[in-house]
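As written in Swiss-Prot, here are the features:
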type     : residues : note
CARBOHYD : N203     : N-linked glycosylation site
CARBOHYD : N271     : N-linked glycosylation site
CARBOHYD : N308     : N-linked glycosylation site
CARBOHYD : N345     : N-linked glycosylation site
CARBOHYD : N545     : N-linked glycosylation site
REPEAT   : 50-73    : repeat 'LRR 1'
REPEAT   : 74-95    : repeat 'LRR 2'
REPEAT   : 266-286  : repeat 'LRR 10'
REPEAT   : 364-385  : repeat 'LRR 13'
REPEAT   : 515-536  : repeat 'LRR 19'
REPEAT   : 537-558  : repeat 'LRR 20'
TOPO_DOM : 649-662  : topological domain 'Cytoplasmic'
TRANSMEM : 628-648  : transmembrane segment
Amino acid sequence: MRPQILLLLALLTLGLAAQHQDKVPCKMVDKKVSCQVLGLLQVPSVLPPDTETLDLSGNQLRSILASPLGFYTALRHLDLSTNEISFLQPGAFQALTHLEHLSLAHNRLAMATALSAGGLGPLPRVTSLDLSGNSLYSGLLERLLGEAPSLHTLSLAENSLTRLTRHTFRDMPALEQLDLHSNVLMDIEDGAFEGLPRLTHLNLSRNSLTCISDFSLQQLRVLDLSCNSIEAFQTASQPQAEFQLTWLDLRENKLLHFPDLAALPRLIYLNLSNNLIRLPTGPPQDSKGIHAPSEGWSALPLSAPSGNASGRPLSQLLNLDLSYNEIELIPDSFLEHLTSLCFLNLSRNCLRTFEARRLGSLPCLMLLDLSHNALETLELGARALGSLRTLLLQGNALRDLPPYTFANLASLQRLNLQGNRVSPCGGPDEPGPSGCVAFSGITSLRSLSLVDNEIELLRAGAFLHTPLTELDLSSNPGLEVATGALGGLEASLEVLALQGNGLMVLQVDLPCFICLKRLNLAENRLSHLPAWTQAVSLEVLDLRNNSFSLLPGSAMGGLETSLRRLYLQGNPLSCCGNGWLAAQLHQGRVDVDATQDLICRFSSQEEVSLSHVRPEDCEKGGLKNINLIIILTFILVSAILLTTLAACCCVRRQKFNQQYKA
């Protein structure tokens, strides 16, 4: 009898548990439970005991107790982020012996109740811990962190830490990634990271550091120091082993000079943008001539930026960003050792000239950004920059360049010259005036922008034997395009822009460009287009703000199979006579941009939306015109008859009067 009673009690218990479980609004899939944003005030106690992943983020939890959390001993992933947790019961996570990932981000752990709770306690198997966004401050952090021998990733971002000491990261021998971004760190005590022998990734961005005077983390591979107030960066003078650093971010600081990085031979990524850097133009100075850190820092003596240090400094560097600095000149010696460099950004500086004339200079460089400087001269050697594919020169003052400046770049594919004063030469038979630049015969070039260069005449053969796929000649008011100026591009050109040039006549036989997909003729004074009588590849046609009144089917018929988008705003379109356009609108073959706002005019000058025009409207208009013509003809004939009749009567009367007098 007794076993039967026990069995009945067990069944009742299971039934009640199942009933309560059904009431829990959490989503359960296999061993994963999601209780996100449910307004929960405490950890649910009726979840499956074998749950391995529990997401309680976005609720209103204020305290974490050992019970019921300790019931879920199989937990591996626990997300408690974005709650209001300010109390952790001692040993709250002690029963979770399998826990590997714990997130307490964006809570209130800095409140006094968290202090009295004794911190997190030991986390023997946790590999990932997120404590970001808790207003944690120095001193409290040491009391909150417990023993975590397996911890690999720790996030302390978006807190209020001001100082790191030797004791901050104790008992974390396996830590590899440490995120401290967006704190208020001003001081890092010597040896603060000595207890982290496996640390490879360190993020110290968005803090208040002013100097790195004795960098000695040989094992570190990624270091982010961006968005601080760093005035100097110096490695240890006698490191115990070779530095492994490959990625260094120092952007948005206050560096006045290029740091001496000869001790970092493995560096492949270096970002120094948004600083105050000027490169030295003379011989190296002694340490007295170099900017020293602000007072309050016991920095080692700083050496001049070195390009000739032992070995080959920066010889493995692939990416260098020096944009938004105050560089006026690039010394020849600066580029000598950058033999592996692939990407160089020097935009937004004060450069007036750039030279790369030496044989083999920057042999691996693929992208060079010199945009938005004050460049007036550009000298590129015949065998320099042999791998360069992209050259960005927009926003400079280039003019009167050597004619074959770009023809010497054997691998050049993309060239942006927007906002300069470059004048293209003609073809081999029409070279052009002095100071023009040759764009013909550059067999590798695919994309060219000559926007806003004050070009007056585009000569015949300007791009002969240069298989461009994209050409932008916009914003050159008064541009005259000579017959044959785009000759040689018929089989390659896919994108052509001639916007804002004031063109009245287009001397380009567009139907011959069989690969053309996008054509921009906006903001000109065109009223006619050449006839596309055969099928072509054109998909997008921009005719905004021109003088088109009619787009007859005889001229546009060849576009029906390919055209997908047509821009026509700002043209004096006729409501009648545009049968081809109306058919495209009503049948939906072509997407005419903003069709509801596309206005056309009837002969009576009445303006309506083109999408509202029906064929019968034009038929009625035609009937009205015919009736008007008939009426006018009748009135004219009647007037002639009446005039003739009056004249005859007058003659007869005169004859009658003469006979009567006689």
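Here, residue 1 is simply the first one shown, and the rest follow in order.
Note that Cβ sites are derived from N, Cα and C of the backbone, with glycine treated the same way.
What Swiss-Prot annotates, mapped onto the structure for a quick look.
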residue: N203; record: N-linked glycosylation site; DSSP (3 states): strand
residue: N271; record: N-linked glycosylation site; DSSP (3 states): strand
residue: N345; record: N-linked glycosylation site; DSSP (3 states): strand
residue: N545; record: N-linked glycosylation site; DSSP (3 states): coil
Over the repeat 'LRR 19' (515-536), work out the mean pLDDT and round it to an integer.
93
Chain-internal residues near N345 (N-linked glycosylation site), provided their CB is under 8 angstroms and they sit 6+ positions away
S273, L320, D321, L322, S323, L367, D369
Reported in the order helix, strand, coil, what are the DSSP residue counts of the repeat 'LRR 2' (74-95)?
0 helix, 5 strand, 17 coil
Mind checking which of N203, N271, N545 has the fewest other CB atoms within 10 A of its CB? They're the glycosylation sites.
N545
How does the repeat 'LRR 13' (364-385) divide up by DSSP, counting helix, then strand, then coil residues?
0 helix, 7 strand, 15 coil
Quick note, N203 (N-linked glycosylation site) and N271 (N-linked glycosylation site): C-alpha atoms separated, nearest Å, by 14
Folded-back contacts onto the repeat 'LRR 13' (364-385), same chain, C-beta under 8 angstroms, at least six residues removed:
323, 339-358, 391-399, 401-402, 405-406, 408-409, 416
Roughly how many Å lie between the Cα atoms of N545 (N-linked glycosylation site) and N271 (N-linked glycosylation site), rounded to a whole value?
44
Let's see if you can do this one: DSSP helix, strand and coil counts over the repeat 'LRR 1' (50-73), in that order.
4 helix, 5 strand, 15 coil
DSSP-derived helix, strand and coil totals, residue by residue, for the repeat 'LRR 19' (515-536):
0 helix, 3 strand, 19 coil
